[in-house]
Ligand SMILES: O=C(O)C1=C[C@@H](OP(=O)(O)O)[C@@H](O)[C@H](O)C1
Ligand SMILES: C=C(OP(=O)(O)O)C(=O)O
């Protein structure tokens, strides 16, 4: 827990008093576009055979880094309003990919994993670097696979950033085995660029567990939507094997769904305060893992209804503990842990050992921060045990992790005197979080 431990020795800076909810919330909250959809759409549009549109894209640190990375490779991305004059829309105009270029990945898993295969298609060297934490996050699956598929890569630190991909203007492609147990993004990264590999790709996952399957489904669905031919393990395919055939991709006009993982703190507010929150434009069908919140938060004590107005989630004021495997929906863990710390019975969150390699070591950070407010959380080999206890105020450290900040805000609804350190870290995926939060509460 390098980041978690070191941040604690620093004096706390930039403390945001998390608003305490004196009553039940009753609000409609419009949530900006999905990070995962926006960044996949940008990559697919950049390697397409014709221009495309992206409407209601998420504008946040992770998506602006993706757009900037693609621009440095030669892609034109015009930010503006759509052809019908309504809402933000980006026009993406594919152009020959070229280096030399330098890509800043920040601490965005999607940028550090999805762009190296694009760089392998470019003509010239492409340097990748990012925040200190990006050097610690696993990248070996992408680096080793690209090498096996014909790319030349200099990775001074073997399997990690910083590194240089020496793009040769194209990539052979073919069959490759990877262990994606530390991140599903290894699989998504290879599949997304594969239509442009000479032989396409066959990716065989050979590791133990594979986390975040809905995110791989999202990759497959979005590839198919632009004309790619994809074989996948689901629907009768070979287990743990994905194939993408080489083909030209269509330009798409895509409206991005709201980010359902970013909807989580607002739904949690309904649960925690016994109130009601509506999220407009909640999709009827989606591959976003956040859709699981309907089931998980219902089991924890609320109820929900999907209507033309969106998803309305209603709390009862009572929160129950839960025993749940979150392996498919790992990014929901911090928010679920926060709610579980306020419940009337213990919780066990399982299947999320890979969270130790996310923005920070999330299992260590959640344990430490909830316990410092008086909680009783222990780390297990693959998750957390949370035994609710009366909590008290204090500083909630965030370790450059947007979901730690929103988890702290959830606890602050029910516990007076919680101060979030560096709430601005929410800019990774939700720059307006503090304003949206206070507006929801009417404070
Ligand atoms: O592909 C994606 O868009 C994502 C996949 C998941 O990554 P891991 O499989 O590394 O957990 C998820 O946690 C991340 O927030 C977004
Ligand atoms: C794990 C996450 O992000 P990343 O895309 O950087 O992996 C997350 O958003 O919870």
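Every residue gets a Cβ built from N, Cα and C, even glycine.
Phosphoenolpyruvate binding, as stated in TrEMBL, involves 35, 109, 137, 185, 362, 428; the candidate among 387, 389, 403 given for that site is 403. Neighbour density for residue 184 (3-phosphoshikimate binding site): within 10 A of its CB lie 27 other CB atoms from the protein chains shown. You'll find the Cα of residue 184 (3-phosphoshikimate binding site) roughly 17 Å from the Cα of residue 362 (phosphoenolpyruvate binding site). Taken in sequence order, the recorded positions 137, 184, 212, 331, 358, 428 that lie near ligand 2, meaning a CB under 6 Å from one of its atoms, are 331, 358. The distance from the Cα of residue 331 (active site, proton acceptor) to the Cα of residue 403 (phosphoenolpyruvate binding site) comes to 8 Å. Sequence-distant neighbours of residue 109 (phosphoenolpyruvate binding site) (same chain, 6+ residues apart, CB-CB distance under 8 A): 137, 183, 185, 358.
In the three-state DSSP scheme, residue 212 (3-phosphoshikimate binding site) is classed as coil.
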